[in-house]
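Undergrad: Heads up, here are the entries from TrEMBL:
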- 43-60: transmembrane segment (TRANSMEM)
- 88-132: domain 'Homeobox' (DOMAIN)
- 90-133: DNA-binding region (DNA_BIND)
- 135-334: domain 'TLC' (DOMAIN)
- 140-159: transmembrane segment (TRANSMEM)
- 182-200: transmembrane segment (TRANSMEM)
- 265-293: transmembrane segment (TRANSMEM)
- 305-330: transmembrane segment (TRANSMEM)
- 339-387: region 'Disordered' (REGION)
- 347-359: compositional bias 'Acidic residues' (COMPBIAS)
Amino acid sequence: TEDMMLSELSEWFWQERLWFPEGLGWADLEDRDGRVYAKAQDLWVALPIALIFLIIRQIFERMVATPLASLLGVKETVRLKAPRNPKLESYYSKVTKYPTQISVASLCKQTSFSEREVQRWFRRRRNQDRPSLLKKFREASWRFTFYLLAFIAGLAALIDKPWLYDMKEMWQGFPTLLPSQYWYYMIELGFYSSLLFSVASDVKRKDFKEQIVHHVATILLISFSWCVNYIRAGTLIMLVHDSSDYLLESAKMFNYAGWRNACNYIFIVFAAIFIVTRLVIFPFWIIYCTWVYPVTIYEPFFGYYFFNGLLMILQCLHIFWAVLIVRIAIRFLTNNEKVDDDRSDKDETDESGEEEDRVAEDKKDMKKNRPVQNGYIVHNNNHRKTE
């Protein structure tokens, strides 16, 4: 009965009216007369490719990225370790990494530490869990290398194709599969799968959930467009995505190495290309040719809505990231501040933390309408944490 249920589910899932416009079906994707088409079972190749990418990444990070980091002068910040304390460690791992003022007072009684010592312990303990500068640099180097090579390979595969210049060409006839498209697809799918596999050990940023949604939507999009032969649309979407990512990763590399000017200028170029490709070309050229144009040729069907739904998820993420990028760019252009990734978790220093504690204490005193005592001067409330 289980086998019957599975076969019925499979039959329902692959039924032609879900995935094809009227008059077309799986029979049209069978190889004949020397014409070769994409097949769903080809996608299994992406799994061994993903594992190969994970192995290559380990070798690359050790043999290439680490020597490159020392060449560019990536300096590791010296982190002071939090002294061993079972009670604070238990609270940190089981309750929260950011204790409230009431919790701090309670922990003081349990440990015979002063409030400042407890807060300092938590600051240092949080820093211990943050990824090192070298880890961030190695990850950025790996992604930069892949995105740059993928963009060059994608451009080489598409440069002589008519649908790169006239996107309506992506729907002309029933396109056969080219070897360059096969490898472009499998390598991209393998890479995004490897990112999903390594997500637990990679540097976690504030947009962690959005990154997961992006990877899953990309994998579904690549897989679905392969199964129903939307190869031309798929290769164009991948090319648009790869066109700016390598610039962001190289800006990050220079940022970690302390090359401020190089980081800033590359970031501005990245921001311009990102906005043009993701907020102009992607919605007004590509989505137009997958959403508006196809219904002039055939009736909409489930696959049409599913494909465009995934594209819209990506477009929402593009808008979310564009807002972050523009905010960073404006801050840099107006105040000549250093370009900083808003998504990154910064190291906290004892000095910055203690300064903030004093500011909080001063505010408390002012609320009680008492003059600030003990010779404290008025602190700058706009104090930024040092890196």
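Just so it is clear, glycine is given a Cβ too, placed from its N, Cα and C backbone atoms.
TrEMBL entries are annotated by machine, without manual review.
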Undergrad: Excluding the flanking five residues on each side, which residues at least 6 beyond the ends of the transmembrane segment (305-330) place their CB within less than 8 Å of a CB in that stretch?
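TA: For the transmembrane segment (305-330), the far contacts come to 207, 210, 213-214, 217-218, 220-221, 224-225, 228, 230, 233, 237, 267-268, 270-271, 274-275, 278-279, 282-283, 286-287, 290-291, 339-343.
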Undergrad: Can you give the mean pLDDT for the domain 'Homeobox' (88-132), rounded to a whole number?
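TA: Averaged over the domain 'Homeobox' (88-132), the predicted model reaches a pLDDT of 79.
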Undergrad: Against which stretches of its own chain does the transmembrane segment (265-293) lie, if we need a Cβ under 8 Å and a gap of at least six residues from its ends?
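TA: For the transmembrane segment (265-293), the list is 167-168, 170-171, 230, 233, 236-237, 240-241, 243-244, 247-248, 250-251, 254, 307-308, 311-312, 314-315, 318-319, 321-322, 325-326, 328-329, 332-333, 339.
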Undergrad: Report, as numbers and ranges, every residue of the chain located at least six residues beyond the transmembrane segment (182-200) whose Cβ falls under 8 Å of a Cβ in that stretch; write 'none' if there are none.
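TA: Result: 38, 42-43, 45-54, 57, 146, 150, 153-154, 157, 211-212, 215-216, 218-219, 222-223, 226, 231, 234-235, 238.
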Undergrad: Using DSSP, tally how many residues of the DNA-binding region (90-133) sit in helix, strand and coil.
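TA: Residue counts for the DNA-binding region (90-133) by secondary structure: 32 helix, 0 strand, 12 coil.
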